[in-house]
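J.: Sharing a structure, written as structure tokens. Questions coming.
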Amino acid sequence: MRKKPIYSIIAVVLVVGIYSYDYFLNVKEGEVVKENTKTFYLPTSTTNQVIHHENYSLSYSEPHEQAEWVAYELKASHIQYKNHKRPYFEIDPAVKTGAAHWRNYKNSGYDRGHLCPAGDRRFSKEAHDETFLTSNISPQEHEFNAGVWNRLEQKVRYWAKRNDGVFVVTGGVLQDGLESIGEEGVSVPKQFYKIILDDSGGEIKMLAFLLDHKDSNESLYKFVVPVDSIEAITGIDFFPELDDAIENKLEASSSFKNWKF
DNA sequence: CTGGGCATC
DNA sequence: GATGCCCAG
């Protein structure tokens, strides 16, 4: 072996290469990412810019200067009440096309509305801080953000505790012709969606919400829609790795009988 | 919980 | 730009 080190080097390169290739295959969009022992369901990207952070993934839309979706697992154990100081919003360095600056939001009249809520990532300072990237926010009316949207986020935490974890995919509906704010032109969505998937009970359950970008005192179940209808207006395929028969059945349903409100 | 504005350095 | 303080739904 000592006489022919070149063979050892080649062997190491081959092994590393194969495992790297396998790794990148696994994190390709629409594929399944192994996150510890759980399986993480990722949507497709219409923008070809999927980014994986430690505690959530996203697909960034450069024209709209925000994520078209943010996806993450919310485990029951994630829901803690540790207090962290709110940090400054930072430009997401992983967005190669250049994520928006928070200054676009300043004096715009709109909140920097989290997509992956800070309240869902309070289990560590690192996870909490990671939600303060500008790739994780969208312009939201304060009354909406602190109102019906906040109610929905709290309900998701309730389900995560009750069902021992859920998967969440959320974002604004990005379309042509939206109003925009700031020098970089961050689009202001007219609707926001949130999709919850629970696979803890052996059988997969799915629930989707579509809300107009305005506050409401209506009960949350009034906003339940089939996943199909969100796919139709966003062009995103939300659970492509699910068995087609299961995917088609679940995504066509707007039933919420299996969910306690 | 969800956030903002303003003064200060 | 970063920090601290006071504010609202």
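Glycine residues also receive a Cβ, built from the backbone N, Cα and C atoms like all the rest.
As listed in TrEMBL for this protein:
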- A:His114: active site, proton acceptor (ACT_SITE)
- A:Asn145: Mg(2+) binding site (BINDING)
- A:52-245: domain 'DNA/RNA non-specific endonuclease/pyrophosphatase/phosphodiesterase' (DOMAIN)
- A:53-245: domain 'ENPP1-3/EXOG-like endonuclease/phosphodiesterase' (DOMAIN)
- A:6-25: transmembrane segment (TRANSMEM)
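Explain the structural surroundings of these features, please.
T.: For the recorded site, A:His114 (active site, proton acceptor), the DSSP three-state label reads strand. Long-range Cβ contacts of A:His114 (active site, proton acceptor) within its own chain (separation 6+, distance under 8 Å): A:Thr131, A:Asn136, A:Ile137.
Around A:Asn145 (Mg(2+) binding site), the C-beta neighbours below 8 angstroms that are at least 6 residues distant in the chain are A:Asp111, A:Gly113.
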